[in-house]
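Let me begin by presenting the structure, written as structure tokens, before commenting on it.
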């Protein structure tokens with residue numbers, strides 16, 4: 001049976017956690033941030049957990065993660 005391909009777009013955006021979940025960067029941080037408050041930018045700085053509903057599709061997209 002051939003190897004399964006990893007979706008490279010998903011591999012760039014998501015990282016697997018130790019317990020089997022996935023984390024991703026917060027959205028709305030790329031540009032046009034001058035109108036945001038410092039508090040808003042600070043809260044967007046970290047990583048977010050992916051919802052459990054979406055983890056099954058991520059497992060299919062990244063079979064070796």
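Every residue gets a Cβ built from N, Cα and C, even glycine.
What Swiss-Prot lists as compositional bias 'Polar residues' is 54-65.
Here the region 'Disordered' (1-23) has Cβ contacts under 8 Å with residues 47-50, 52, 54-55, 58, 61-65 of the same chain, all six or more residues outside its ends. The annotation region 'Disordered' is assigned in Swiss-Prot to 1-23 (among others).
Remark: secondary structure over the region 'Disordered' (36-65) totals 16 helix, 3 strand, 11 coil, with classes taken from DSSP. The feature region 'Disordered' is assigned by Swiss-Prot to 36-65 (among others).
Sorting the region 'Disordered' (1-23) by DSSP state (H, G, I as helix; E, B as strand; all else coil) yields 6 helix, 5 strand, 12 coil.
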